[in-house]
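Quick look at what TrEMBL lists:
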- 1-17: signal peptide (SIGNAL)
- 41-62: transmembrane segment (TRANSMEM)
- 92-117: transmembrane segment (TRANSMEM)
- 197-218: transmembrane segment (TRANSMEM)
- 225-246: transmembrane segment (TRANSMEM)
- 266-285: transmembrane segment (TRANSMEM)
- 305-323: transmembrane segment (TRANSMEM)
- 360-388: transmembrane segment (TRANSMEM)
- 444-466: transmembrane segment (TRANSMEM)
- 472-490: transmembrane segment (TRANSMEM)
- 549-571: transmembrane segment (TRANSMEM)
- 640-664: transmembrane segment (TRANSMEM)
Amino acid sequence: MCVFAAIIFLFLGSVKGFSTKSEPCTYNKGSLCKPALANAAFSTLAFLLGALTSVLSGFLGMKIATYANARTTLEARKGVGKAFVTAFRSGAVMGFLLSANGLLVLYITIILFKLYYGDDWEGLYESITGYGLGGSSMALFGRVGGGIYTKAADVGADLVGKVERNIPEDDPRNPAVIADNVGDNVGDIAGMGSDLFGSYAESSCAALFVASISSFGISHDYTAMSFPLIISSVGIVVCLVTTLFATDLFEIKDVSEIEPSLKRQLVVSTILMTVGIAMVSFFALPSEFTLFNFGTEKAVKNWHLFFCVSIGLWAGLVIGYTTEYYTSNAYSPVQDVADSCRTGAATNVIFGLALGYKSVIIPIFAIAIAIYVSFSLAAMYGIAVAALGMLSTIATSLAIDAYGPISDNAGGIAEMAGMSHKIRERTDALDAAGNTTAAIGKGFAIGSAALVSLALFGAFVSRAGIKTVDVLTPKVFIGLIVGAMLPYWFSAMTMKSVGSAALKMVEEVRRQFNTIPGLMEGRAKPDYANCVKISTDASLREMIPPGALVMLTPLIAGTLFGVETLAGVLAGSLVSGVQVAISASNTGGAWDNAKKYIEAGASEHAKTLGPKGSDAHKAAVIGDTIGDPLKDTSGPSLNILIKLMAVESLVFAPFFAAHGGLLFKYL
């Protein structure tokens, strides 16, 4: 963090040679703006604040989850409804904490920066973009490090425990069981939390920046300027009302009501939020205004923005439901994958991959429609607020997302504490629903990342002073093709890291089973600490290369090849990253639930595929193990790759515009 903060300061300070004189504004012609050195200092400060908030949100999320998981297990003795309420409420605590925290710190930052910037809103909101960069750069390490940690433990525990030794999941005799349960929190709570916080911070920053160079900023209309922040705060109130639907208005009596209740959360929050957006659009915005549109001003009415935000919100719902259809074992796609396990692991893998590729179609159309409508109505600002719309119900999506790992851990605790079979069944039912909601959460994260990075891309192009990005020029095209390659390079790094860490873990677990006498009989205790150490070391060591790839690419492309090539790189990585991310996380989720479908044996079809330990079940476990790094490491970290490169380019845009493209200048 410190190194990167220093880089931001040096690069941005050098734009005008570290001068402390005021200079004419870029957009608001005829007035003076604060010096570039001030922008450098405040961007660096905003970057550190964003990073700290992101780390804090991950830390608090973990804290809440570890309080909640044992309580959920204890509540499960009284019935599934009580356990559900406990798990859901603790997820909600994290959701509200995070969305409110992000909003509060951003608001305070704007107010404090205003003391120095005064009337220079252009410089103020440009330096605020550092906040988004800080949030996302921490999220990258949380996601990648957390993903490597959790999956090394998970794969190691599954392969040796379930496939080789035939002991149940979360059995206390398994040396990797503690690392596996800790890992669920690291990846799915700390990682997911800081990831969505990053999206949220960036979409707010993108919207604020574009607004500051439009009529809002130039005429100093503070209410209209704060439109993105007001939408987020209405979102928090809406989510408060929505949570009551799950915990107080409808009581859960049966296992089959869990998943519908979680899905109801999404629909209720979306409908209520649409009403909220309508109110904000009519009260906070002037009835007509102009927005910056690549050098020209576009006249927009306030109801146009209502449509932009709403379409983002509803596109999020469509993506969530599509993800659910492709990853929940209540529907035919996952049941087909489970059925293919009869003929072994190979057919399972083929079916699973096909499902993942197919599941990309509807979300991409949803994102495409959202982009087209919001851009035609309100240019780049429209896309930024559409991304905010998708994230406005962030508290609810985080609540149903954090609910997953909490109930997963509750099951682990029940198994390790040797509680009765009935309790484990209840926690398993909670967990199966949690798996699907986790997939929905990832869908949201990826969809919003696509819109956010497009908004940031637009802000970058505006800031760097590019009028058009022409694909036919070689400079841009080489950028496009290299950018499209980056998600594959990044996935290769993360997959390999999980693989090599899992290898060490499998060897360690095997060694303990073979050398500790009486371990299988339950007379001796395994050495849990050693497995935790393997996971921790691997994740800390292995997250540096993928992180460096993402952080350095925009710097190298912008400095050596200039802003046009960098624009190509951003577009390429956005276009290919979204596809890879959606297919990876859905494939993994489907394999996981196909395995759960066979294990639960709820339908006649599932019973024919065998109890635990049958050949079909073993094939399903292998599919699940392959899917683990896909759905929890590569897939979710890709959305950060897309956003982080875009927000970083935006922060460094003044430098690239002034000094970038060294190679083309001297060749």
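Please read every residue number as a count from 1 along the shown chain.
Here the Cβ of each residue, glycine as well, is placed from N, Cα and C on the backbone.
The transmembrane segment (225-246) and the transmembrane segment (41-62) are not in contact, since fewer than 3 Cβ pairs between them lie under 8 Å (pairs 6 or more apart in sequence). Contact check: the transmembrane segment (640-664) against the transmembrane segment (444-466) gives at least three Cβ pairs closer than 8 Å, residues 6 or more apart, which meets the contact criterion. Counting same-chain residues at least six beyond the ends of the transmembrane segment (549-571), those with a Cβ under 8 angstroms from any Cβ of the stretch are 4, 7, 11, 137, 140, 453, 457, 460-461, 464-466, 469, 471, 473, 475-480, 482-483, 486, 489-490, 493, 640-641, 644-646, 648-649, 652-653, 655-657, 659-664. The stretch with the most CB contacts under 8 Å to the transmembrane segment (360-388), chosen from 197-218, 266-285, 305-323, 444-466, 472-490, is 305-323. Touching of the transmembrane segment (197-218) and the transmembrane segment (472-490) is ruled out by the presence of fewer than three CB pairs under 8 A, sequence neighbours closer than 6 excluded. Here the transmembrane segment (444-466) has long-range neighbours at 26, 126, 129, 132, 192, 195-196, 199, 202-203, 205-207, 209-210, 213, 292, 294, 312, 315-316, 319-320, 363, 366-367, 370-371, 379-380, 383-384, 386-387, 390-391, 397, 563-564, 566-567, 570-571, 574, 578, 581-582, 585, 635-636, 638-640, 642-643, 645-647, 649-650, 653-654, 656-657, meaning same-chain residues at least 6 beyond its ends whose C-beta is under 8 angstroms from one of its own.
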